[in-house]
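Listed in TrEMBL:
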- 5-121: domain 'PIN' (DOMAIN)
- Asp8, Asp95: Mg(2+) binding site (BINDING)
Amino acid sequence: MNDRILLDTDVLIEFSRGNEAVAEQLAAWEKNDLVMVSDITWMEMMVGARNKQDLQAIEHCLRRFYRLPVTEPVSTKAVDLIRQYRLSHGLLIADALIAATALIHQAMLATRNRRDFHYIAGLTLARVAA
């Protein structure tokens, strides 16, 4: 195992829409790396369900990845990130929790929304296919 990769919600949305480049990248990561999702991403994906079939399909897709709960250390780190970056960069609660999860678990964050995270000290962003 080479790296830990935490998937941001936007990457999973692209995957669920059939983005071939993202699907290939996820498959490559799964061969060599530990691919994870936070409970925040899990919930954000569930909110996008339009019906029970969508919800079942989303949860089936998410089960292939290692699931990370919001623990006390993650919550504490997210509060620190909000304190540090909310006023200067507009950091949102969900993004703070996702970033904190990556930081606490020493994972690279795979996101296409680099503008939402690039300023967070110590957070490594993984390149995601277009």
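Cβ atoms are placed via backbone N, Cα and C, with glycine included.
Automated prediction, rather than curation, is the source of TrEMBL annotations.
On a predicted model such as this, the values are computed, not experimentally measured, just so you know.
The binding-site residues under consideration are Asp8, Asp95. Their Cβ neighbour counts within 10 Å are lowest for Asp95. For the domain 'PIN' (5-121), the model gives a mean pLDDT of 96. Taking H, G and I as helix, E and B as strand and the rest as coil, DSSP gives the domain 'PIN' (5-121) the counts 74 helix, 14 strand, 29 coil.
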